[in-house]
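In what follows, a single structure is set out as structure tokens and then discussed.
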Amino acid sequence: APALSRALELRGGASVSPASSTGGRAGVLQLAALFGAWYGFNIWYSLVAKMVLQWWKSPWLFTVLQLGIGSLWVAAQWVPIPTFGLNGARAKTFTLRPVPQLSRAEVRALLPIAACLAAGHVASTMAMFYGTVAFANVVKTAEPLFTCAFSALILKQTFSPRTYATLIPIMGGVAYASTNELSFSWMSLGTAMSSNVAFALRAILAKLSMRSAAAATLSAANLFAVVNMLALALTLPLALLLEAPGARASWDAALAKGVSSAELVQLILVTGVTYYLYNELAFMCLGKVDPVTHAVANTIKRVAVIAVSILYFNNPTTKQGILGSAVAVVGVLLYSLALDSEKKLKLAAAPAPARPSCRKGKGWRKLFARAK
């Protein structure tokens, strides 16, 4: 479960402790496959989601369907499967992944994180609805700004001047890219920034949740699954209230643009599965690499999403917009590296634990006296 917290922190650039290394050629191939799948599903999701939003103008209902499809995807893995006594199995059934066991109190403890996930995902979908995939991703590089703010306000945690200095290229790059964006949208900018606020707050709450019983008993994959289901429950009422009355009209309007119902349903299913898979694969990758490797990989992934979306949708760009995007992305990388370096310096400066002295037998006598 701490892996979930570490993963959520890294959305804002915080570092994680190095995981156990995977050695050998097989380990390298497995890691390459995980990163390739993470990149692939993220790009696939971004492209298909934008396609759906170009036809179907119901971003709230679209978000709910994505969360619902992801929930069904993981719930199917909790369904008991008969063993039929194969391979000498003693149990009558098995599941593809362990079924989480949570009390009501533990579920309530996860609700704030789920609320942030719901708000962040809705806002991210809105950002793509009102603007381009590339522009939304450029604005979302500003998430570390809010992570630093919430760390200071909630966790009372501050960073070094060097770390704060890396926020300058992020802010400057996003501002420069926004002012030179040919398809600029205030709504896209506002909703993308709102998603930054929600996801940064989710990272802070996830760090606090590591002390909870739920975080101690669930794997990162199952904890994300539970939070995803809770986010669905929180989002569904609002989506029905805001868009259900006009759902039929918006669907018919999409069909009038030349797409069939079968094609639209298929694309929505693809977004639900790819959204869930790229998030879960991100957590799996985080468990196998150190913070610096992840920071570089995450930066490359964001560049890949921006570049592929520009080429796929043939979005008009300017040299200034490309330069601003590049500066912002590099700023995020520098921020992640600065945080990792700061953490290592703090660990190196921490005093070593005192050892009992045994000079002239006094230390041992005191130790035995305490034991009595």
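For all residues, glycine too, the Cβ spot is worked out from N, Cα and C.
Taken from TrEMBL, the feature transmembrane segment covers 28-48 (among others). Outside the transmembrane segment (28-48) by six or more residues, the chain places 22, 128, 133, 137, 267, 270-271, 274-275, 277-278, 281-282, 284-285, 288-289, 297, 301, 304-305, 308-309, 312-313 with a CB less than 8 A from a CB of the stretch.
Annotation comment: TrEMBL describes 29-336 as domain 'Sugar phosphate transporter'.
Among the features that TrEMBL reports, transmembrane segment is placed at 60-79 (among others). If one looks beyond the transmembrane segment (60-79) by at least 6 residues along the same chain, the residues whose Cβ comes under 8 Å of a Cβ in the stretch are 49, 52-53, 95-97, 99, 118, 121-122, 125, 225, 228-229, 231-232, 235-236, 238-239, 242-244, 247, 268-269, 271-273, 275-276.
Marked as transmembrane segment by TrEMBL: 109-138 (among others). Residues 8, 46-47, 49-50, 53, 57, 59-60, 62-63, 66-67, 102, 173-174, 177-178, 181, 183-185, 187-189, 191-192, 194-195, 198-199, 201-202, 205-206, 209, 212-214, 223, 226-228, 230-235, 302, 305-306, 309-310, 313, 315, 317, 324-325, 328-329 of the same chain lie 6 or more positions beyond the ends of the transmembrane segment (109-138) yet place their CB under 8 Å from a CB of it.
Taken from TrEMBL, the feature transmembrane segment applies to 159-178 (among others). Proximity of distant same-chain residues to the transmembrane segment (159-178), defined by a Cβ-Cβ separation under 8 Å and at least 6 residues beyond the stretch ends, is recorded for 135, 138-139, 141-142, 144-145, 148, 151, 184, 189, 320-321, 323-332, 334-335, 338-339, 342.
Per TrEMBL, the feature transmembrane segment maps to 184-205 (among others). Long-range contacts of the transmembrane segment (184-205) within the same chain, counting only residues at least 6 positions beyond its ends with a Cβ under 8 Å from a Cβ of the stretch, are 5, 8-12, 14, 112-113, 116-117, 119-121, 123-124, 126-132, 135-136, 139-140, 142-147, 149-151, 154-155, 178.
Here TrEMBL flags 217-242 (among others) as transmembrane segment.
Residues or ranges marked as transmembrane segment by TrEMBL: 321-339 (among others). Through the fold, the transmembrane segment (321-339) approaches residues 10, 13-15, 134, 138, 141-142, 144, 159-160, 162-163, 166-182, 291-292, 294-296, 298-299, 302-303, 306 of its own chain, all at least 6 residues removed from its boundaries and within a Cβ separation under 8 Å.
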Per-residue pLDDT averaged over the domain 'Sugar phosphate transporter' (29-336), given as an integer:
88
